[in-house]
Amino acid sequence: MKIAMIGSGYVGLVSGACFSDFGHNVVCVDKDETKIAGLLAGKMPIYEPGLDALVERNASEERLSFSTDLPASVADADAVFIAVGTPSRRGDGHADLSFVYAAAREIAESVTKPMVIVNKSTVPVGTGDEVERILAEANPNVQNWVVSNPEFLREGAAIDDFKRPDRIVIGAEEEEAKRIMREVYRPLFLNEAPILFTGRRTAELIKYAANAFLATKITFINEIADLCEKVGADVQEVSRGIGLDNRIGPKFLHAGPGYGGSCFPKDTLALLKTSEDNDSPMRIVESVVKVNDNRKRAMGRKVIDALGGEARGRKVALLGLTFKPNTDDMRDAPSLAIVQALLDAGANITAFDPEGMDIAAELMPEVTMAGSSYEAVTDADAVVIVTEWDAFRALDLKHIAQIAAQPLLVDLRNIYNPEEARAAGLTYHSVGR
Ligand code: UDX
């Protein structure tokens, strides 16, 4: 099959590379010439484990190519995927669909034969209808089918998530569209991945409902963690105790500094807009958004409290800046709010992150970036674990207690055992324990 992937960001690039690895012929398209030139030279625009090798193999075997020429790329495709960004619109929180509609218009002007146009971008309910209208208006004589196929991959585990998904959701209205989509995903059916065919609007909503539910689960356990601290309970044991109930499930019950990233914050806001527009209140999601925003700021105060209430002139070392491990993504990372709270309180901040420092340096110019964990920690009055990178899981805690100015560790991801940390000579604070 010939697939054109419009947009070579996280979702587009990973999906395109994985489809080519299944044997399809894929061209990944992007307007950004520097990005495409980089990809043609084997340089990845994002950090994602395993992606460079996957791209290299399929490019060298000529199943995967890159281009800035959208019309030429879509002309003889069997399926065209739209995988462009849908950021939060400044000011009102609606998903900004201008990139999706611009791509749809360009595709509409270039197609000359029947093909499926698949929305992989996360888009509010009804976007597929508008894409269909754009295509029909520009090209009344060609039959195209517009399909919704949301992507559930997680950064840092994207390739595995794509190849071994919990499910594939396909929102298609016509039999021919379903037939083509079955062909696109046939290699995954052989892996027995469950496939769910739904109406197009339903598929669009499934993506938002899934992300909002996961954000709710995290926020719920974060509030339970706060209560644990007040009543002397242990949130990790609470998570395990409730997660063993099959109806609840063990995942996404890890308490921490609040969720961040490219999806949960923007998708929860966009879902609230859809609920407002349709006069169908979603008070739970509304609370989740507020509680999570407050939590990120509260983590800065937690550090200041651990310092005895005064951070002015104190040196704070942050370990981890990205919103989660195995990515260089800083979008809506809790570290941004924590850094701001600490700077407002007059602290001096040093940080180390295995992949995120280049991007972070631009976003937080006041922070001194260190060359290693131990360099960051040297002479610090407080050490804060913000992101649970593997590299921070087996630090020499005794050494840290010695090289820090004050042996204080605030572990916002609960990656250390409190007894061990205290035995190493550290004053140890964590979340909900
Ligand atoms: C998420 C969804 O998981 C994915 O299905 C969707 O396609 C895109 O959004 P991603 O943003 O890559 O993926 O990361 P994820 O691993 O889900 O983590 C999101 C945030 O929640 C991170 O900030 C993470 O630290 C936080 N989190 C996650 C917790 O605080 N506790 C948990 O138990 C799980």
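Note that Cβ sites are derived from N, Cα and C of the backbone, with glycine treated the same way.
Same-site candidate for NAD(+) binding, as annotated by TrEMBL with D30, K35, T86, E155, K266, R331, chosen from T122, T198, T219, T368: T122.
Of the residues K43, K207, K398, TrEMBL places K207 in the same substrate site as F152, L153, R154, E155, F252, L253, H254, A255, G256, G260, K324.
Taking the Cβ of R154 (substrate binding site) as reference, residues of its chain lying under 8 Å away and at least six apart in sequence are, in sequence order, D161. For T86 (NAD(+) binding site), the nearest neighbour among the recorded positions K207, L253, A255, C263, judged by Cα separation, is C263. Considering only the recorded positions D30, K35, C263, R331, the residue whose Cα is spatially closest to the Cα of F152 (substrate binding site) is C263. Only R154, G260, C263, of the recorded positions R154, G260, C263, K266, place a Cβ under 6 Å from an atom of ligand 1.
Under DSSP, the residues of the domain 'UDP-glucose/GDP-mannose dehydrogenase C-terminal' (317-418) split into helix, strand and coil as follows: 34 helix, 18 strand, 50 coil.
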